[in-house]
Amino acid sequence: MFWTRYAGASILLFLMLIHLGQVYPRNDMTNFGCEECKLKENNIFSKPGAPVYQCMGCCFSRAYPTPLRSKKTMLVPKNITSEATCCVAKEVKRVLVNDVKLVNHTDCHCSTCYYHKS
């Protein structure tokens, strides 16, 4: 009797996993919840007829174990190395909104993350 319940529960769990696999899309889920790098209107500084845009979105990033030969050359050895690109402005135009000088982004791309540099 015990084995019948165990087999029934196992089959039920297996069928649920198959169903979940078919329900979810088979696309790349690494950027789940994060849109691609593109221009978006800044609601704080934009005025009717004078929109201000900024670059927003996600780009590439990854982390991996630091190779031993690289670790030996570090002043402060770290076990994890990370690489990243950020959504930055490719082209900008300076604008004046309410006597405040702003930089209006006109084009975006994924490039070096400036705040990661030391």
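One is the number of the first residue shown, and numbering goes on along the chain from there.
Any Cβ shown, glycine's included, is placed from N, Cα and C.
What Swiss-Prot lists as disulfide bond is Cys34-Cys58 (among others). Secondary structure at Cys34 (disulfide bond), taken from DSSP and collapsed to helix, strand or coil, is coil. Its own atom aside, the Cβ of Cys34 (disulfide bond) has 12 Cβ atoms within 10 angstroms in the protein chains shown.
Per Swiss-Prot, disulfide bond is recorded for Cys37-Cys87 (among others). In three-state terms derived from DSSP, Cys87 (disulfide bond) belongs to an extended strand segment.
Contacts of Cys55 (disulfide bond) defined by a Cβ separation under 8 A and a same-chain sequence distance of 6+ are given as Cys37, Lys38, Leu39, Lys40, Cys87, Val88, Ala89, His105, Cys108, in order along the sequence. Per Swiss-Prot, the feature disulfide bond maps to Cys55-Cys108 (among others).
According to Swiss-Prot, the disulfide bond annotation covers Cys59-Cys110 (among others), on the basis of similarity to another entry. Taking a C-beta cut-off of under 8 Å and a sequence gap of six or more, Cys59 (disulfide bond) has these contacts in its own chain: Cys37, Ala84, Thr85, Cys86, Cys87, Cys110. When secondary structure is read from DSSP and collapsed to three states, Cys59 (disulfide bond) falls in the coil class.
Secondary structure at Cys113 (disulfide bond), as computed by DSSP, is coil. Within 10 Å of the C-beta of Cys113 (disulfide bond) there are 16 other C-beta atoms, taking all protein chains into account. What Swiss-Prot lists as disulfide bond is Cys86-Cys113 (among others), and the listing cites similarity to another entry.
Sequence-distant neighbours of Asn79 (N-linked glycosylation site) (same chain, 6+ apart, CB under 8 A from its CB) are Pro65, Thr66, Lys71. If you look up Swiss-Prot, you'll see Asn79 (among others) marked as N-linked glycosylation site.
The secondary structure of Asn104 (N-linked glycosylation site), as reduced to three states from DSSP, is extended strand. Sequence-distant contacts of Asn104 (N-linked glycosylation site), defined by Cβ-Cβ distance under 8 angstroms and a gap of at least six in the same chain, are Val52, Tyr53, Val92, Lys93, Arg94, Val95. The N-linked glycosylation site annotation in Swiss-Prot covers Asn104 (among others).
The signal peptide feature in Swiss-Prot is assigned to 1-23.
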Counting Cβ atoms within 10 Å of each candidate's own Cβ, which of the disulfide-bonded residues Cys86, Cys108 comes out highest? Cys108
